[in-house]
Amino acid sequence: MPGIYAITVSGSFSAAHRLPGHPGPCAAMHGHNFAVTLHLVATSLKDGMVADFLTVRAALDAAFARLDHACLNDIPELSPPTAEVIAAWIFGEVRPRLEDGRVRLSRVTVEESKGLVASYTEDA
């Protein structure tokens, strides 16, 4: 069985949100420094790499352009603006920019606060 190569590229953005109807303090407007990690895999390398880190980082930064210093409740696609929904949205935003038939985006993780992490994947 052939091996699988994997890389991760991480970044962060700052944003505010509230979770209407939440029984705790998250119902009120508050902010986070969200940490996001993209996980990419490939069964072969091109020029010795799964993907160029700078290309992957540019795709992540393009997604952050809409999120950084925003009120996430104002972005209709992020309703409700939970870490899980944010992870799925980022997956959908960066996937077309990164996948090429050889490279596959396998997972996006979003850390809302230290140790509180949600992931989205489309693995079977």
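Every residue gets a Cβ built from N, Cα and C, even glycine.
Fair warning: this is a prediction, and the values are worked out from it, not measured in the lab.
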Per TrEMBL, member of HIS17, HIS22 binding Zn(2+) alongside HIS30, HIS32: HIS17
Recorded positions compared (HIS17, HIS30, HIS32, HIS69) - highest count of Cβ atoms within 10 Å: HIS17
CB contacts for CYS26 (active site, proton acceptor) [other CB atoms within 10 A, all chains]: 15
DSSP state at HIS17 (Zn(2+) binding site), helix/strand/coil: strand
DSSP state at GLU112 (active site, charge relay system), helix/strand/coil: strand
